[in-house]
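Chemist: Starting off with a structure, shown below.
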Amino acid sequence: TNIGSILASVNPYKPIPGLYSVDAIELYRQHRLGELPPHIFATANECYCCLWKRHDSQCVLISGESGAGKTESTKLLLKFLSAMSQTSLGAPVSEKSTHVEEAILES
């Protein structure tokens, strides 16, 4: 659920098909925060929009207990931001991976 720009999420401890797909990235990049159901891509899109449209610095705090999914959430956030940066360079969202993205995600 969202509480303003705060996303409260629960680790489902199992894969949910399509939840973090390229189609989901495309869907959430076309909508503002609150227009679609709560999702980490909605939060990432809000950060991206604030960064580039308002020129505001952004910070994302991901918190939780051990095993809550903090690392996976960070990877998903970076996946979305990487896809958005590729889109702004004219590459289609379907080109999911770049050397920069791979280096960041491996770190």
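Count begins at 1; order follows the chain as displayed.
Even glycines carry a Cβ here, placed using N, Cα and C.
Not my notes, these are from TrEMBL:
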type	residues	note
BINDING	Gly64, Glu65, Ser66, Gly67, Ala68, Gly69, Lys70, Thr71	ATP binding site
COMPBIAS	96-107	compositional bias 'Basic and acidic residues'
DOMAIN	1-107	domain 'Myosin motor'
REGION	88-107	region 'Disordered'
Chemist: Run through the Cβ atoms and count how many others sit within 10 Å of the one on Gly69 (ATP binding site).
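Modeler: By my count, 18.
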Chemist: If you average per-residue pLDDT over the domain 'Myosin motor' (1-107), what number do you get?
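Modeler: Here the mean pLDDT over the domain 'Myosin motor' (1-107) amounts to 84.
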Chemist: Could you tally the C-beta atoms, other than its own, that fall within 10 angstroms of the C-beta of Lys70 (ATP binding site)?
Modeler: 14
Chemist: Pick the one among the binding-site residues Gly64, Gly67 whose Cβ has the fewest other Cβ atoms within 10 Å in this structure.
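Modeler: Minimum Cβ neighbour count within 10 Å, taken over the binding-site residues Gly64, Gly67, occurs at Gly67.
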Chemist: Would you count the other CB atoms within 10 A of the CB of Glu65 (ATP binding site), including those on all shown protein chains?
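Modeler: Around Glu65 (ATP binding site), other Cβ atoms within 10 Å: 8.
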Chemist: With DSSP, how much of the domain 'Myosin motor' (1-107) is helix, how much strand and how much coil, in residues?
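Modeler: DSSP classes over the domain 'Myosin motor' (1-107) add up to 49 helix, 4 strand, 54 coil.
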